[in-house]
Every structure is written in C-alpha cells, then in structure tokens.
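According to Swiss-Prot, the protein has these features:
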SIGNAL    1-16  signal peptide
CARBOHYD  N18  N-linked glycosylation site
TOPO_DOM  23-527  topological domain 'Extracellular'
CARBOHYD  N34  N-linked glycosylation site
DISULFID  C64-C291  disulfide bond
DISULFID  C76-C88  disulfide bond
DISULFID  C109-C151  disulfide bond
CARBOHYD  N178  N-linked glycosylation site
DISULFID  C295-C319  disulfide bond
CARBOHYD  N310  N-linked glycosylation site
DISULFID  C487-C491  disulfide bond
CARBOHYD  N497  N-linked glycosylation site
TRANSMEM  528-548  transmembrane segment
TOPO_DOM  549-564  topological domain 'Cytoplasmic'
LIPID     C553  S-palmitoyl cysteine
LIPID     C560  S-palmitoyl cysteine
LIPID     C563  S-palmitoyl cysteine
Amino acid sequence: MLSITILFLLIAEGSSQNYTGNPVICLGHHAVSNGTMVKTLTDDQVEVVTAQELVESQHLSELCPSPLKLVDGQTCDIINAALGSPGCDRLDGAEWDVFIERPTAVDTCYPFDVPDYQSLRSILANNGKFEFIAEEFQWSTVKQNGDSGTCKRGNVNGFFRQLNWLTKSNGDAYPLQNLTKANDGDYARLYIWGVHHPSTDTEQTNLYKNNPGRVTVSTKTSQTSVVPNIGSRPWVRGQSGRISFYWTIVEPGDLIVFNTIGNLIAPRGHYKLNSQKKSTILNTAVPIGSCTSKCHTDRGSISTTKPFQNISRISIGDCPKYVKQGSLKLATGMRNIPEKATRGLFGAIAGFIENGWQGLIDGWYGFRHQNAEGTGTAADLKSTQAAIDQINGKLNRLIEKTSEKYHQIEKEFEQVEGRIQDLEKYVEDTKIDLWSYNAELLVALENQHTIDVTDSEMNKLFERVRRQLRENAEDKGNGCFEIFHQCDNKCIESIRNGTYDHDIYRDEAINNRFQIQGVKLTQGYKDIILWISFSISCFLLVALLLAFILWACQKGNIRCQICI
C-alpha cells in the first residue's frame, strides 16, 4: 500500500512539473457535497453551504424555577388560595412570577361560583403575591365566624380563612348592617366578599331571619346589589346551597360601604395590589424541576436562542414567537454548487461559473492555479471577510425584530361567554397566522440578501483580477484566466494579493498572444468556419447535380415526361 501511494505522488508531481501550457488561474468558491435548502423571495428551494434552523421544536420535560419564580398551587387553584380554602393555607404570603395551576386542583370548602371568575383570576395572578391585610369590622348584633361541615380543617368544621360568615344573632335578630371602610393608604385594595344562596326558605329564615335578604356593596364609582337566589340545587359535598363571590377594588382616597339585611359573606380584610408587578398564571400538569429557563409553556420550559418556536401557543416569559411552521432556515453561507467528481487530478481547475470547490475549507472564496511549478489552491480571506461581515449579526438582528417580551395564556370563559371565547380564539388564530406569514417573509428576505451578498463578493473578486491582468490574460468564460506570460508561484501570489504589476509582463504577454493567435483559432471561430465550409460544399454539390441534369436533357440522354 505504501509503494502504491508513493508511486501516485510521484506521478502527480511529475505531471505537474511537465506542464508546458500557459499558466492558468481560476476563481472559485467553497462548496459542500450536501448543502441545505432554504427559501428566498424568488425561489422555494435554494441550496446553500450552511444554514441555521430558527424554529425551536424541542422542550424540556419540566418547568424551570429559575430565573422566574414559580409557585405550585398543587391541589389549590388561585381563587381557592385567595379565599383561604382548607388545604391552601400554605400559600398564605406566597409570591410568584408564574403561579402554576394544576388540572387536578379541587374545591375543598363550601360550593361556590364567581360570576366574574376570569377577571378575578387575572387580577390575582398579575398581582404576584398573596399579601393579605387583616382589618377590624364592627358588625353589630349578628353572629360571626359561621362554619360548615363541608369545609373541615382536620376534624373541625371551618370556613374560608379570609372570609366571615355572618348569621342572625342568638336573639334571633339580623338588623341592618351598614359599615364603611376608607382607603387612606397609598395602594389599591382588593376586597373579596360573597352572598349565600340557601336552598330553601326555611334555611333562609333559620340563618338570617329576614326573607329575602339583600347585600349591597358600594364605592364612589361603583355599586353591586345582590338578592339571594333561594332554591334547590344539586348536592355538592353535602350541600345544596351556594355562595357567589364578588370582588371590589378600592383606590386610594376612596371608600367601600357594606349594606346588608342578610346573606353577606363578609371580608376579614383586603389584598394589597401591586401595580408594578407583572406576574401571570399557567395551567399545566408538567412538574417543576431544577433547570434554568426564562420561557415556560404548558408542555414544559424552553431553553433556546432561536427566535421562533412551534411547541405551544401558550407561552410565558421571554419566549420565542409561536409560528405554525415546523422549520425556517436562515442562510448563513453562500449558494452551494457541489463540485463535480469526474475531472481527474486537476479537473477542478474549472472556475466558479461551473461549480464550487469542496476543498476550499479555510475561506469562502479562493484561487486555483496551474503553472510550470505545479498546481495550488489558496483562499481569499479579504473577500471572505467582507461577506461574513455583512452576514454576521443577521441572526441577532432577526431576534431583535421578534424579541418582544410577552405572555400568552389560555383564556377561560363561563359557558354563557361562549361567543366571546370563539371571538378570542379567532383573534388569536389570526394573530398567529399573521406572525407565521411575517416570519416566513422575513427569513426569505434575509436569505435573498445573503445569497445576493455572497454572489456580489464573488463578482467583485473576479473583476479585481480581470482589471489586474487586462490584456496579459484571456478570460476563458468559466471563471478562469489563461495567462500569456511565464507566471511562477510568486507571480500567482501577486495576482491573489492584488500586487500584480501588469506593465512588467505586458510585452511578453503581447508577443505570446500574437504568436498563439497566428496559428490557433479559438473554438468559436472554428465553429463558424466549419459551418460556412459545409454550407458552400452543399451548395456546390447541388449546383453540379442540376448542371448535369440539364446537360443530359439537352443531349437526349435523359427524357422527362410529365403525365396529367
């Protein structure tokens, strides 16, 4: 094997040293055997040397608790946690960037509903903290701290921790309650209060004496008045009655007035609202792990620098934009034209017009030459750097255009708001369609620019060499120049680095050009002469044939008869 290799090298070296033709220098660009297809403005399939995937399709199987602070509600949703349901006491004072609600969360206290559920859920989630401030309420001649066997803490009957169930006094009285609380602080207060709906009139009078009862809650700018809806309902956790919870925000300088003759579930204080906090909520069954990521979805966290993702449209934090496409590739290299493999030892002397060079690995553009000293290949780093400088930062610019920090959470609506839900889904789908189209257009535009830039740098390099050589060489039309003077490796290097002196070789090149052209026709002139010669020969042959026929007819040797 060693002897065969040495013999091959000797043959290769000898063939180069025995080269007697004119020196040739060719310009080419880097290529690979298998490029990557990208989309441009004008073509859906353009092969480039290198490209970068922009759409993230992989996600972690867990939620990352850093740098965003996550609070796991476990069996408690955010509403039950705010009300103080049994089993949710551990969430008192909790603070979060993202509150994780689990699909398995359950109610553990008296059956209730929230007429404006989504709004209250959003207010609590955005607040980012359960900061409950207890207050003293002076309720007169009523019994406080009502409880229920449905709402046990351990083996003891209880109730929602942050609420006070008012019932008639032991003296069978429930007089009109009218209580005012002023907000003299510097922050907005959130009061959560409720109205009890008994299942029968008997239950109503047993609890509140007055039938019907009434609850009115007012501020300077709003008023909510509720009359209990007495009636039988399906049994839930041993109860057919219900509680409806409402909420009121009291701004600094405002006040809240509670007016009731029965059925009020009174607050024990208020939640401090933080207008500067921008937190949110995520409903998912994915567990919290120990990783690090700024982006969370309902399928898991995403750790990526890509500007787009097609994992989930529900995303929170500093996340890539959701697009429908599974792949968007950004060209980071030039157009790829794979090298032909059937040219022999120096068959790849062909220039960039025919195809690329797979051996040019240290630059995007370069030279190949053949002269009496042999053959060689060298990269042109100046042109390569010029192209790279224009392409570098392209991904960063693309990310800047799409890096708006936002969160998209899944909306929840009551059944009566089905039309609103349909409209919201339509708006979200339209927004995603628009973003997907914009992303595809933006990437195609950048790819078109990349290919145009790399092609332009190739042409600039070609023009630079052509202006240097001028009449000292002939452009072969395929990216190569035939040089009409002796050009050793030092001369070739001067052409590559731009220091070639045309005047030094001018006389020799002119003499050699005239000598060669005096005895040699280019392939184009040969073709013209061959066609002219063929045409004249055909014409003379036809003329001789016609002349012979006419002569034979005159002599009577040929008789022509025309029959009709």
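Using N, Cα and C of the backbone, Cβ positions are placed for all residues, glycine too.
Locations of recorded Swiss-Prot features on the structure.
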residue: C64; record: disulfide bond; contacts (Cβ under 8 Å, 6+ apart): L70, I288, G289, S290, C291, T292, S293, H296, S301, S303
residue: C76; record: disulfide bond; contacts (Cβ under 8 Å, 6+ apart): S85, G87, C88, L91, A105
residue: C151; record: disulfide bond; contacts (Cβ under 8 Å, 6+ apart): S85, P86, T108, C109, Y110, N157, G158, F159, F160
residue: N178; record: N-linked glycosylation site; contacts (Cβ under 8 Å, 6+ apart): V257, F258, N259
residue: C295; record: disulfide bond; contacts (Cβ under 8 Å, 6+ apart): S301, I302, S303, T304, S315, I316, G317, D318, C319, P320
residue: N310; record: N-linked glycosylation site; contacts (Cβ under 8 Å, 6+ apart): V55, E56, S57, Y322, V323, K324, Q325, G326
residue: C491; record: disulfide bond; contacts (Cβ under 8 Å, 6+ apart): P23, Y500, Y505
residue: N497; record: N-linked glycosylation site; contacts (Cβ under 8 Å, 6+ apart): none
Which of these recorded positions has the least crowded Cβ, counting other Cβ atoms within 10 Å: C319, C553?
C553
Pick the one among the disulfide-bonded residues C88, C109, C291, C487 whose Cβ has the fewest other Cβ atoms within 10 Å in this structure.
C291
Name, in the order they occur in the sequence, the residues of the same chain whose CB lies under 8 A from the CB of N34 (N-linked glycosylation site) and which sit 6 or more residues away.
P338
Do me a favour and check the Cα-Cα span between C487 (disulfide bond) and C553 (S-palmitoyl cysteine); whole Å is fine.
69
Which value does the mean pLDDT take for the topological domain 'Cytoplasmic' (549-564) in this predicted structure?
67
Per DSSP, to which secondary structure element type does C295 (disulfide bond) belong, with helix, strand and coil as the options?
strand
